[in-house]
Each structure stands twice: as structure tokens, then as C-alpha cells.
Amino acid sequence: MNPGFMDGRRRKPAQAKLRILTLSWKLPCLLQLTGVLDDCFCDVESIDVFNNFKIYPQIKKLTERDYFRYYRVNLKRPCPFWPDDGHCSIKDCQVEPCPEVRGHSLPHCLSFSSTSECEQAKELGAINSTLSNQSKEAFADWTRHDDAQDHFCELDDETSPDAEYVDLLLNPERYTGYKGPSAWRVWNSIYEENCFKPRSVYRPLNPLAPSRGEGFYDWLEGLCLEKRVFYRLISGLHSSINIHLCAEYLLDEGWGRAVWGPNIQEFRLRFDTAETKGEGTRRLKNLYFLYLIELRALYKVAPYFERAIVNLYTGNAEEDGETKELLLSIFNKIKTFPMHFDEKSMFAGNKIEAKTLKEEFRLHFKNISRIMDCVGCSKCRLWGKLQTQGLGTALKILFSEKEIQNLPEHSPSKGFQLTRHEIVALINAFARLSTSIHQLHNFRLMLKEKG
């Protein structure tokens, strides 16, 4: 167990649980995060205890296994929606004309204080592509094995000649220096054009800034359940990513060695009730809501992995067996959670309208996954693509209940299939959410000690 999680002292489980449950009301000025979530019957406190004690330690171990630590991804695909302006701070650090931002002609390139900061952003955002010859030979073996399976979902990243395996443990999700209008453009494109928000509802250019006026969220409450869910999923993903960046922030580069750790000021800027005019609590509750959705998907897909025919192949039979055993133990823990999200309430109306809405839902999400190719930082693009792919896989699972129920025990499925790419993304995306909730607890402890 992480010592920071227990505040540096040993406690009995009951004492630790009580400490978690009471933190939310001890910090009313910082994080008014407590109680039941919107559109479901689960509460924040129950998720905290379940995740931090039962799920997080296990899912962290699972993502360190060879099957889950390598992700095949194409990071060279051009942005399909706007010209790739490069943004010197991230790509090759060349000073070049940048587009105007809200009428101001000051180039984004000049917003950096010095060339060294520009170089730093480039270095921090670069992908570590180091792989041993043994790993490369193993990947060729994995490909031969996967090609023998029955695939029914064509995934561009898997088939592209530009796709390559990346070691996720060598490329952790953390602060890279990617910021400003280039990053805002990506998130604003997601929120403005793909979250069912009316154009008449104004949202600040900076997606982290508080909205103007008390009625910003009135439009959300007027939407049907499915569209509210969609917005909360994207908002939850955004919150999770921001927590990772705050928890793994570059604190110091002295003596040629980078020091990473939690940045409380950055965390407060994004989530503090006063700093965000109350929006921070909404953002964090959406993180918990997203956690519930992906938790439910894992619960529903467990029968797929429990079949003897499914193996998590890396060529090492002993390790493969241990990896599957660890995965199944996590599924068993997930089955004990008493307050799962009920997805049956979605797309449950008129069949024709429900089918149209589901297709609209799917296309909006597909568009968001394509926007990830517009992220200017390679490492940010890697984790953005992985987490949207993981969420997309979770939605695919929730919409395939009948197919999963009819899976054959000893032969390949013709109605429902998951590729290695989808499996790795699904587990790592959920692990990121689990880590966010764990890190959120640590931030609460630090804020309590300071205040």
C-alpha cells in the first residue's frame, strides 16, 4: 500500500475507511465533493472506499504485466479537421506565425518566457520508443497469434503501417508543458461541436475557466439522459487527465535530474470551489460518473474473459496464466460492488428514435477519437488516443449485452469480439480513472494538512 495513501501512519482498515468518508465535509471551501451522483444511485464515498482499497492496488499491478504495458498506436496520422500548425513549443520549436486568438495577434510561440521553456516542452512531450530486440521479436509473434483470431472490428491504428508498439511504463501520463490555445483548441472542439451543446450557450475559450453566468448548465439538465451521459463522460475524462497532470508535475530539474510530484496549486486552479466558481465539484463528480460507466463495462464483459478459449498471449505461458488470473480476480471484486450504473435506462424509448440516437451517440464519439489526432504533443496524443479508445470499447461492451450473453464457451465468438488493441486500451483507460480517484484522495490529504 502506498504510504501516502495512509498519510504516513499505519491505521486499521476501519479507521482508514472512516478517514476517507469524513474528508469531504472537512474541506467545504476546497472540495464540496460528497453524496449521490447525478443520473445514478451511487455516492462518492462508496466509490472512494471500493476503488482505493479493492481495485487500485490490483489494477496497478495488472497494467505492469507485459500484455497490458505495450500499446500499438499510430501517432503520425495528420489532424483531419484543421491544418497542423505545429505550435513551435511542442513540435520542433521553430518561431513561426501563429493564428490569431480572439482578435489578438500575439503569437502563441511568444507566450513562452524563453527558448529553454520551449525546448523543455518538446523534450517532456516526446515519446520514449526504446524497445529491446527481444520485445520486437515477441511483438511479431503476438501479431501472428492475433491475426489467427476472428476480427470483426477494423481499427485504423492496428492496420496502419505507421502504427508501432509503445511501452506505456516508459511513457507515463504526466505534465509535458503542452498548454495554451493549441491545447484549448482540441478541448473546445470536443465540447463545442461534439457534446450536444447548443451554439447559443457560451463557453470560455479556456476550457478550464469558469463559465459565465449561473445558467450555463441549465441546457444540460434539459437534455435526454443519453446526451447528458455523453457530456459527463467527456467532462469526466477531461477531469481525470487534469488530475494526472497535477499529480505528476515537473517540480524541479536540478542537477540534471527531473523531480515529479503533486502540484497543489495547479490542482486548486482546476478544481477548487472558489477558483472555479463551483464548477470544480461538477468536474470531479463527472470523473466518478465515468468511473462507474467503465466499471459497469468490466462487470458486463467478465464472461468474455472467463472462457477457457481466451488467453492473454505474450508467448510466455506461465506469465500469461498469471496475468489472466489477476484479471479474473479483479472481475470478481468488481462483481461485489453493489451500486453499478444501470445502462438499461439508455436508448430504451421508441425503437426507431433509440436507434437514431444511438447512432448519433456513436458518431459523436467517433469524431472525438479522431480529434485526438490533432493533439500537438506526442505523449499527450498517446494517452488521449488510448483513453478514448478505452472508453469507446467500454461503450461497445455496454451496447452488446445480448451478444456477450450468447458467447460460446469453447469456440471463437462470431457475434462479439475484442482485439488486443481494445483490451489493452480498456484496462489501461480504467486504470487511469482508478489512479485519478486514488490521487484525488491524496490531494485531499495534502489540502487538509495545509488548511
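Note that Cβ sites are derived from N, Cα and C of the backbone, with glycine treated the same way.
Now, the feature entries from TrEMBL:
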- Cys377: active site, nucleophile (ACT_SITE)
- Cys380: active site (ACT_SITE)
- Arg174, Thr176, Trp187, Ser235, His238, Arg270: FAD binding site (BINDING)
- Cys88-Cys93: disulfide bond (DISULFID)
- Cys377-Cys380: disulfide bond (DISULFID)
One of the binding-site residues Arg174, Thr176, Ser235, His238 has its Cα closest to the Cα of Cys377 (active site, nucleophile), namely Thr176
Ten-angstrom check, please: count other Cβ atoms within 10 Å of the Cβ of His238 (FAD binding site), all chains counted.
20
If you measure from the CA of Cys380 (active site) out to 10 Å, which binding-site residues from the list Arg174, Ser235, His238 are inside that radius?
Arg174
The record names Arg174, Thr176, Trp187, Ser235, His238, Arg270 as the residues that bind FAD; what is their largest Cα to Cα distance in Å?
21
Looking only at Cβ atoms, how many others are within 10 Å of the one on Arg174 (FAD binding site)?
19
